[in-house]
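Asks: Input: one structure, supplied below.
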Amino acid sequence: PPTTRRFTRTDCTDHRLSAVRVGAAPGQARKRPKVLTCHSALLAAQLRVTLLPTPNSSGLSRELEGHWPESPAASPCVAGVIPVIYYSILLGLGLPVNLLTTVALARLAARTRKPSYYYLLALTASDIVTQVVIVFVGFLLQGAVLAREVPQAVVRTANILEFAANHASVWIAVLLTVDRHRALCHPLRHRATSSPGRARRAVAAVLGASLLTGIPFYWWLDVWRDADPPSTLDEVLKWAHCLIVYFIPCGVFLVANLAIVHRLQQRGRSGPRPQVGKSTAILLGVTTLFALLWAPRIFVMLYHLYVAPVYRDWRVHLALDVANMVAMLNTAVNFGLYCLVSKTFRAAVREVFQDTHLPCTLGSRSVGTVAEPMLKPPGLPKGAGL
């Protein structure tokens, strides 16, 4: 926009303002000066000052640099109501499915006392916390219902819980990976040291560490509302988030999974072709899905940090919306993976449904009628439990 200067009383000598031709050669006749009243000059200057600059114009002041003018392309939510519908469906379907997964895994953990079931149970519990804290509180309640009109202290406190839930979910998967690696590559040591108590202590340590690592993200930059460019602290926090939640865990997943596959190939060369265990197949599926579903969010976050901020480019805003939706899908897909891989898990889920249906069947019977149990374990003596 053209530069403007403020007119003062000294500019209006005799209530006239002259615009003299600039650069006239000596000896040339000057044109008659253009005469404006002081009131007209002040009005023209005000009109020039109030003009909004275009987003691509240069020389913007710092005050206007981070704001878009009122236009359809500068909408704060480019995707419209699609994220609200998506997160509502994800929460409505994913939360009951994760609760069902929790009940089934709790029964399997109590019955078999295998550490892998305790890790899967903790992973499912962290997915539930992620859905409640991030999907419901973060995206639906703050973003859609309250339209981000939330006190800054509340938003920053919620950031701690959101990042702690993310870190816990990822690093519990790291615990599962390390457990499966030790079980296949060092079976004797694994049998001597693994126990349910050790697994519970490891999960508790990861949860405590996740809460501690979530505290620095109290100062996380809200890209949807803050118009200032990312500072050094924002850059440090974003790189710390990328390292904690993606790059370091994916490095552990890659190394451990390659070692597991190499061990299975060695067994295949020395004898009959080994069958991949259910726990190993679940591990490979969980880690692969995580790496694929979280990759777009990490890429868009780094692109937003170094190339184009969200508040300047609506395409980055849209990409970040889509990347967040894809990443949150990771909290609801594990149930399908468990059912696809493990026949034991499918039987446990079927047992949960049958036990849920049994009280309804007993309640519909007349009083005094004795109901036989629906599940009779064959070959067990009288009074023996499963």
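Each residue, glycine too, has its Cβ placed from N, Cα and C.
According to TrEMBL, the protein carries these features:
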DOMAIN    97-338  domain 'G-protein coupled receptors family 1 profile'
TRANSMEM  84-105  transmembrane segment
TRANSMEM  117-140  transmembrane segment
TRANSMEM  199-219  transmembrane segment
TRANSMEM  239-260  transmembrane segment
TRANSMEM  281-306  transmembrane segment
TRANSMEM  318-341  transmembrane segment
Asks: Against the transmembrane segment (84-105), which of these stretches has the most C-beta pairs under 8 Å: 117-140, 239-260, 281-306?
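Replies: Answer, by Cβ pair count: 117-140.
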Asks: Who are the chain neighbours of the transmembrane segment (281-306) in space, where the CB to CB distance is under 8 Å and they lie at least 6 residues beyond its ends?
Replies: 120, 123, 170, 173, 176-177, 180, 223, 230, 234-235, 238, 241-242, 245-247, 249-250, 253, 257, 260, 316, 319-320, 322-324, 326-327, 329-330, 333-334, 337-338, 341-342
Asks: Could you pull out which residues elsewhere in the chain have a CB under 8 Å from any CB of the transmembrane segment (239-260), counting only those six or more residues past its ends?
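Replies: Distant contacts of the transmembrane segment (239-260): 163, 166-167, 170-171, 173-174, 177-178, 180-181, 184-185, 213, 216-217, 280, 283-284, 287, 290-291, 294-295, 298, 301-302.
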Asks: Which whole number is the mean pLDDT over the domain 'G-protein coupled receptors family 1 profile' (97-338)?
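Replies: Averaging the confidence scores along the domain 'G-protein coupled receptors family 1 profile' (97-338) gives 87.
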